[in-house]
Amino acid sequence: MFDIYGGPVFNMARQQFLQAADILEIPNDQRDRLLYPKRAIAVTCPIHRDDGSTVVYEGYRVQHHLSLGPSKGGVRFSPHVDLGEVAALSLWMSWKCALMNLPYGGAKGGVRVDPYSLSHKELEALSRRFMQELIPFVGPHVDVMAPDIGTNEQVMAWFMDTYSNDAGRTVTEIVTGKPVSCGGTAGRREATGRGVTHLIFRASEEIKLNLSQSSAVIQGFGNVGSVVASELYDLGVKILAISDHTAAYHDPKGLNIPEILKYIATHGVLKGYSTEALIDPATILTIKCDILVPAAVERVITEEIANKIECKILAEAANGPTTVEADAVFAKRPDIFIIPDILCNSGGVTVSYFEWVQDLQQFFWEEEEEVINRMKKIMDKGFYETISSAKQLKTTNRMAATCAGLRRVHLAKQARGLFP
Ligand code: NAD
């Protein structure tokens, strides 16, 4: 059924769904409507390249459900995007929002493009065209977009401006993750990485790990990975290795993260930073460390890698980094405390929710006192609910978190009926 969502990423989400549905004893006839997205929209986005030629990019937006409120989720610009991947990411967003008790269904979008190959002007044209094509299907109370891989605050500003020009008024609440100068919230850019670091701190309390004497390895050095690296570095954690899609570096004495952040600010990518510390990127996840943070793409931790990983905390900053087969290995490895993706990276959508609330009210909050503290409070609730329910259900942290999210969506659908 629904072959259009085929592919390894959606298959992985489907298997996770079936495991959780079995634990929750959801009847078979109720399952398909909880698994398959409400809507999937495919668009073509033609733009003029700087050389005068015309090129067309394929784009998708998948709205998983609208049972708890508007759908919510990021848009990624990546050469590997396909409909199955976007659908899987929308499913994970649904469970994440419900786990954190946010009034949203899940959504995700993507354009199949290498954003690093576009000029600033071409990126603007593509961003505006993608939003233009989706205007009939989105809205502040229908579907709200945010940044993800390959998109950023500037792309969100172009999305918001395109939607606003069509509406004839400024509609800041149509997207989150915007610059503060045009309706963004203080603390959104750093929110996902800060939230990941906060839960690493909570996990370290659980397993009695002294963070200031610990070490970390981080895969992915974009919006999320670079903030985690910087926050952990400030807490005294030795950052042994980092990587992005261009290079990977390892220094057993610890990398100088502030210096690397300065390098990234001018060069955009890690390539060229060092020749001495250069390593094979394929080896990064199996370097011995206390805290391992995959913060790049999905399905990087396979069964083979799971057997070789030597860490105490696995903090899944990326969405879907661990395959179902790798999870089966981790189920037999109580030496690793896993903070599952839908919990670990939920600081991003939580602060996106704050941004949406502030935009709707046109009333803005202080970063430290209101944004960060409220985010930590909501994340703490999700964290302790997950670990206590994992003990109660005798299952993994991932299944406990998935069950909590899925249960809330299921209850809302049962109460409302078949439409949303
Ligand atoms: P980004 O585009 O800012 O950064 C992605 C990073 O991953 C870049 O450094 C890129 O070079 C690197 N990368 C890509 N492919 C790689 C590979 N094969 N090996 C090593 N590095 C690779 O994206 P981001 O916003 O930091 O997102 C990272 C992850 O976090 C994604 O899984 C995303 O879905 C998830 N996430 C992001 C947010 C957010 O607020 N941005 C929120 C929740 C979850």
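Including glycine, each Cβ sits where the backbone N, Cα and C put it.
Nobody curates TrEMBL annotations by hand; they come from automatic prediction.
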Exercise. Among Ser274, Ser352, Ser388, find me the residue TrEMBL lists at the same substrate site as Lys72, Lys96.
Key: Ser352
Quiz prompt | Around the Cβ of Asp148 (site 'Important for catalysis'), the count of other Cβ atoms that are within 10 Å | solution = 25
Quiz item: Taking the centroid of the Cβ atoms of Lys72, Lys96, Ser352 (substrate site), which other same-chain residues have Cβ within 8 Å of it?
Solution: Gly73, Met93, Cys97, Leu102, Tyr104, Gly106, Ala146, Ser346, Gly348, Val349, Thr350, Tyr353
Quiz prompt | recorded positions clustered about Asp148 (site 'Important for catalysis') [Cα within 10 Å; pool: Lys96, Lys108, Asn223, Ser352] | solution = Lys108, Asn223
Quiz item: So which of Lys72, Lys96, Lys108, Ser352, listed as recorded positions, have a Cβ under 6 Å from an atom of ligand 1?
Solution: none
Quiz item: What does DSSP assign Asn223 (NAD(+) binding site), in three states?
Solution: helix
